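The DNA-binding region feature in TrEMBL is assigned to B:17-56. Residues or ranges marked as domain 'CoA-binding' by TrEMBL: B:81-181. Marked as NAD(+) binding site by TrEMBL: B:91, B:92, B:93, B:94, B:95, B:96.
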């Protein structure tokens with residue numbers, strides 16, 4: 001199962017970027033987009049573009065392209081972003097605040113409805129128009145609000161405790177920004193966000209480029 | 001070229017996670033790690049683990065495992081993280097502040113040495129122990145400091161202007177957190193960080209799980 005998922009992972013990661021570009025086009029009144037244009041935008045080959053988009057079940061018309069509106073709907077449907085998911089966020093620090101301020105999430109069907117923190121200076125305040133509650137109320141409020149998704153933005157050494165409270169409150173999907181691997185029951189999904197993953201890609205691109213430059217000398 | 005890179009992208013993204021786990025093990029005095037243990041930690045199959053690590057040029061000893069210290073060095077060398085890269089960051093808001101506070105970067109060879117912002121209330125202050133300079137000084141200071149890497153944390157509509165200033169200041173690698181595609185000269189590398197990429201993966205995992213649950217009924 002894990003082996004089956006791997007090849008699609010980059011495609012899934014790229015889908016929001018397609019979605020962003022296609023939404024821009026729709027706003028500009030564009031109805032059809034050709035594969036070469038998407039390839040230039042994504043900085044990928046046309047074969048990769050076609051494979052990526054085939055995952056959503058939509059196929060372009062040869063020599064013409066994809067219908068923008070149809071493709072948007074197919075991507076949103078594949079990602080289940082045509083339904084709104086409500087989430088709570090724990091850790092109202094700078095990262096938590098950045099995520100709550102991220103403009104794209106509403107379009108992607110994610111609504112962060114409340115934040116939790118352990119810091120008395122933050123409890124009772126509002127961050128990005130969300131109330132910050134005492135973390136001791138996490139389990140109770142999550143259960144009452146019937147929220148299924150939780151976002152962890154606390155330091156690594158507090159993340160497991162937060163995850164345990166989330167699970168106790170009925171959370172079934174955790175988006176984990178803490179730099180630690182979480183232990184959760186089998187029926188809970190964790191997506192760990194390793195910010196340094198992008199830095200690794202950039203570093204490899206840079207060192208390869210340096211090699212290329214060297215070999216030209 | 002683009003097609004060659006794609007299959008390795010998930011591997012490269014995963015390398016920091018291996019590195020994190022291996023560093024923890026080294027701190028705990030562990031000298032050898034077996035493939036099954038890494039497979040459990042990464043939630044991947046053993047074949048994927050072996051393929052991932054083969055990219056760094058290190059092969060495990062059959063029936064024994066990998067030497068922790070050797071593997072750490074190989075990963076760091078592959079990512080060029082054994083050398084320190086200095087970077088400047090533009091946009092000292094919540095995301096910029098979160099990145100400057102990220103503990104892992106120093107270990108990954110990234111040192112953010114200064115921040116820039118257009119907000120008079122921020123200019124001249126310190127954020128996470130870095131001075132915040134007027135964005136109008138970006139080109140001059142970047143050139144003087146001989147920094148090659150820039151991190152963009154400004155809103156999408158300001159990102160292209162910031163990128164242009166970075167390029168004018170001699171920046172050759174841009175880590176772009178703004179939700180926009182940047183136009184840069186061919187000799188400048190851009191790594192666009194789409195935070196919603198992880199959300200897409202989580203969403204697909206969630207909807208697949210729901211399907212699996214449904215089919216059990």
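Every residue gets a Cβ built from N, Cα and C, even glycine.
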Q. Which binding-site residues among B:91, B:92, B:95 have a Cβ sitting under 8 Å from any chain A Cβ?
A. B:95
Q) What counts of helix, strand and coil residues does DSSP assign across the DNA-binding region (B:17-56)? A) 28 helix, 2 strand, 10 coil
Q. If you count Cβ atoms within 10 Å of the Cβ of residue B:96 (NAD(+) binding site), leaving out that atom itself, what do you get?
A. 28
Q.
Can you give me the average pLDDT across the DNA-binding region (B:17-56), rounded to a whole number?
A. 93
**Q.** Long-range Cβ neighbours of the DNA-binding region (B:17-56) (under 8 Å; 6 or more residues past either end)
**A.** 8, 11, 64-69, 71-72, 74-78, 81, 104, 107-108
Q: Please name the residue among the binding-site residues B:91, B:93 whose C-beta has the most neighbouring C-beta atoms within 10 angstroms.
A: B:91
Q: Pull the DSSP breakdown for the domain 'CoA-binding' (B:81-181) and write it out as helix, strand, coil residue counts.
A: 35 helix, 29 strand, 37 coil
Q: Inside 10 Å of the Cβ of residue B:92 (NAD(+) binding site), count up the other Cβ atoms and send me the figure.
A: 28
Q. Which entry in the list of binding-site residues, B:94, B:95, has its Cβ near the fewest other Cβ atoms, using 10 Å as the limit?
A. B:94
